[in-house]
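**Student:** Here's the feature list from TrEMBL:
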type     : residues                                            : note
ACT_SITE : 42                                                  : active site, proton acceptor
ACT_SITE : 182                                                 : active site, proton donor
BINDING  : 15, 73, 149, 150, 151, 152, 182, 183, 184, 204, 205 : substrate binding site
BINDING  : 40, 42, 73, 182                                     : divalent metal cation binding site
Ligand SMILES: O=C(CO)[C@@H](O)[C@H](O)COP(=O)(O)O
Ligand SMILES: [Co+2]
């Protein structure tokens, strides 16, 4: 029988992808006005996904502006060269896609050796079974519930069912990874995502388009 994780351990991570990049200070102030504990940073290369965002320079400039945990999500074809640059820029966690690397174990060990939390992510078409050999080594499993590249898409229900499988595996095997869910998270989808076993909810467009992000975040943390 699967159990919902305790509410006290829930994390909400607003994704800067949905923020206005020209007024980032104001957008970060919005996050600071809420109880969201993490800031999610989507790094895209126009190759692994059909979109471009930002890289280490902006993150390095952001680092002294916030005490929030910086959760980076690398949607790039060759994350290995970027891992040390992201660490140097000051992120706290680095998540890479299992679909993007050949030597996933080596890349995860590199992230850990740099003192950062190491995460692995899967796109909606990748099954949980693809992660069987890496789950014991990672701190975060990021389940993409939309096809990566853009904010504002609707959550793919079948992809969210992977949360349940991952939760069952970690209970059975005694693994310590946290389950993060990314894509289409809003006040309607959040309750069932927590119920399925999510620990972290990433929210982009729903957070930044809400006139009251503080109440929105409180709702997510308590629903
Ligand atoms: O990684 C991604 C998109 O590829 C996400 O982190 C998005 O930023 C989520 O945006 P919403 O679906 O919440 O609008
Ligand atoms: Co993301």
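Just so you know, glycine gets a Cβ as well, placed from its N, Cα and C.
TrEMBL labels come from automatic prediction, so no person has curated them.
Since the structure is predicted, the reported quantities are computational estimates derived from the model, not experimental observations.
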**Student:** Measuring CB to CB from residue 151 (substrate binding site), give everything in the same chain under 8 Å that is also at least six residues away in sequence.
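**Tutor:** The list for residue 151 (substrate binding site) reads 15, 17, 18, 204, 205, given in order along the sequence.
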**Student:** Taking the Cβ of the residue listed as 'active site, proton acceptor' as the centre, count every other Cβ atom within 10 Å, in any protein chain shown.
**Tutor:** 24
**Student:** Compute the mean position of the Cβ atoms of 40, 42, 73, 182, which form the recorded divalent metal cation site, and then list in sequence order the other residues of that chain whose Cβ is within 8 Å of it.
**Tutor:** 13, 15, 17, 41, 71, 72, 95, 142, 202, 204
**Student:** Quick one, of the binding-site residues 149, 184, which Cβ has the fewest other Cβ within 10 Å?
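**Tutor:** Candidates: the binding-site residues 149, 184. Fewest Cβ atoms within 10 Å: 149.
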**Student:** For the residue listed as 'active site, proton acceptor', find which of the binding-site residues 73, 149, 184 come within 10 Å, Cα to Cα.
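**Tutor:** Correct set: 73, 149.
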**Student:** Round to a whole number and give the Cα-to-Cα distance in Å for the pair residue 40 (divalent metal cation binding site) and residue 184 (substrate binding site).
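**Tutor:** With the alpha carbons as reference points, the distance is 14 Å.
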**Student:** Measure from the Cβ of residue 205 (substrate binding site) and count the other Cβ atoms within 10 Å, all protein chains considered.
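**Tutor:** The answer is 17.
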**Student:** 151, 182, 184, 205: which of these recorded positions put a Cβ within less than 6 Å of any ligand 2 atom?
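**Tutor:** From 151, 182, 184, 205, counting a Cβ under 6 Å from ligand 2 as near, the near ones are 182.
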**Student:** Tell me the Cα distance separating residue 182 (active site, proton donor) from residue 149 (substrate binding site), rounded to the nearest angstrom.
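**Tutor:** On Cα coordinates alone, these residues lie 11 Å apart.
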**Student:** What's the CA-CA gap between residue 73 (divalent metal cation binding site) and residue 182 (active site, proton donor) in angstrom, rounded?
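**Tutor:** It is 10 Å, counting Cα to Cα.
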**Student:** Tell me, how many other CB atoms lie within 10 A of the CB of residue 182 (active site, proton donor), whichever protein chain they belong to?
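**Tutor:** Other Cβ atoms found within 10 Å: 25.
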**Student:** For residue 73 (divalent metal cation binding site), what is the tally of other C-beta atoms lying within 10 angstroms of its C-beta?
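**Tutor:** Residue 73 (divalent metal cation binding site): 29 neighbouring Cβ atoms within 10 Å.
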**Student:** What three-state class does DSSP give residue 184 (substrate binding site)?
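**Tutor:** The residue in question, residue 184 (substrate binding site), is coil (DSSP, three-state).
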